[in-house]
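**Q** This structure is in structure tokens; I'll ask about it shortly.
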Amino acid sequence: MSDALKPCAAGAVSTAAAGNKPCKPHARTRRVMVGTVPVGGGAPVAVQSMLNAPADDVEANLAQIEALAEAGCEIVRMAIPRRNCLDAFEAVCAASPLPVVADIHFDARIAIEAARRGAAKLRINPGNIGGLEATREVIAAARAAGIPIRIGVNAGSLDDALAARDDLTLPEKLAASAVEYVRFFEDECDFRDIVVSAKAHDVQTTIDTYRLLASALPQVPLHIGVTEAGTAFQGIIKSACGLGVLLEEGIGDTMRISLTDDPVVEVRACWTLLGSLDLRRRVPELISCPTCGRCQVNLIGLAREVEERLATVSKPVKVAVMGCVVNGPGEAADADIGVACGAGSGVVFSHGKIVRKVQEAEIVSALMEELENL
């Protein structure tokens with residue numbers, strides 16, 4: 001194992017095996033402020049997404065930010081691929097209701113300018129930003145602006161010598177790379193306003209890498225995610241598997257579920273995962289049975305319609321759509337509102353108590369009416 005993976009602080013857990021579950025580091029990480037959003041130091045896990053509108057289109061990016069904010073996004077990241085996009089970035093930062101993170105690769109000059117133009121945080125990969133001297137200049141710009149930096153590493157930009165080591169696994173290489181950069185930031189540049197990420201596109205590498213980081217860097221807030229996870233169906237499953245394990249272990253101060261989809265879907269997925277783990281609640285939880293031969297209504301259609309209607313609701317409530325009296329209201333007695341369906345009808349209930357009986361065509365509207373009254 002690389003010496004870089006030895007714990008950076010007294011009391012850190014040994015990383016002799018990536019599969020070892022470390023002690024929960026979340027509460028002991030340093031607090032970093034991204035605009036007005038606290039990250040680390042026991043703050044709630046912050047939900048992030050990334051804009052995918054053209055980087056030079058101010059109106060399109062602001063419209064996307066408004067939609068993300070409404071969905072519960074707390075930090076938004078914007079790529080700045082070219083210097084001629086900086087004017088648009090500055091305009092977006094000035095009008096955005098959310099703190100905007102500047103995502104820069106390959107050109108330290110863009111990162112330096114973004115810090116001066118309103119970025120709430122910089123996201124760079126020191127491995128492709130132009131070397132350590134260029135990184136020093138970026139750090140100086142962030143210090144002058146009073147903003148943090150996310151150190152983001154990935155397998156494609158590992159140091160050649162580190163990448164060539166056959167005695168290290170990929171998680172060990174990723175973690176070692178991140179640790180080396182943290183030591184450069186902290187020890188050589190005296191800059192500690194940092195967040196670290198080391199993403200991979202497969203679940204096990206993600207879990208192993210972040211376990212190593214949590215043990216080696218117990219003081220540093222971690223941004224977690226499975227990168228390039230895929231389209232919504234596959235990507236949400238992969239992200240839930242990887243991030244669910246990490247969050248349950250107390251690893252992760254801010255998160256993104258990266259999807260080839262509308263960024264709003266990413267935010268909804270994050271909140272659903274956090275709610276499933278009882279970490280944070282903002283969106284409704286839909287409980288619905290898988291149906292069987294007892295079901296006498298189109299429950300699949302009903303459940304999908306309810307799910308669509310709930311997409312715009314920000315109450316952290318449990319809503320049950322059950323196919324028969326066997327599963328509801330008894331088995332869904334803890335639901336804030338629900339329906340148990342019969343032959344062409346349904347009984348609406350709240351916390352196990354019957355509220356009203358309605359015809360099948362009225363079930364969805366009745367549920368939403370009762371939900372508004374809660």
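Using N, Cα and C of the backbone, Cβ positions are placed for all residues, glycine too.
Predicted, not measured: the structure shown is a model, and the values here were computed from it.
Okay, so TrEMBL annotates it like this:
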type    : residues                       : note
BINDING : CYS289, CYS292, CYS324, GLU331 : [4Fe-4S] cluster binding site
DOMAIN  : 29-271                         : domain 'IspG TIM-barrel'
DOMAIN  : 285-372                        : domain 'IspG C-terminal'
**Q** List the residues in the vicinity of the [4Fe-4S] cluster site, defined as same-chain residues other than CYS289, CYS292, CYS324, GLU331 with C-beta within 8 angstroms of the site's C-beta centre.
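**A** What remains near the Cβ centre is PRO290, THR291, ARG294, CYS295, MET322, GLY323, VAL326, ASN327, GLY328.
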**Q** What mean pLDDT score does the domain 'IspG C-terminal' (285-372) have in the model?
**A** 90
**Q** Determine how many residues of the domain 'IspG C-terminal' (285-372) DSSP places in helix, in strand and in coil.
**A** 25 helix, 27 strand, 36 coil
**Q** With Cβ-Cβ distance below 8 Å and at least 6 positions apart along the chain, what are the contacts of CYS292 ([4Fe-4S] cluster binding site)? List them in sequence order.
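**A** CYS292 ([4Fe-4S] cluster binding site) has long-range Cβ partners GLY323, CYS324.
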**Q** Once near-sequence residues are set aside, which residues in the chain of CYS289 ([4Fe-4S] cluster binding site), 6 or more away, have Cβ atoms under 8 Å from its Cβ?
**A** CYS295, LEU299, VAL321, MET322, GLY323, CYS324, ASN327, GLY328
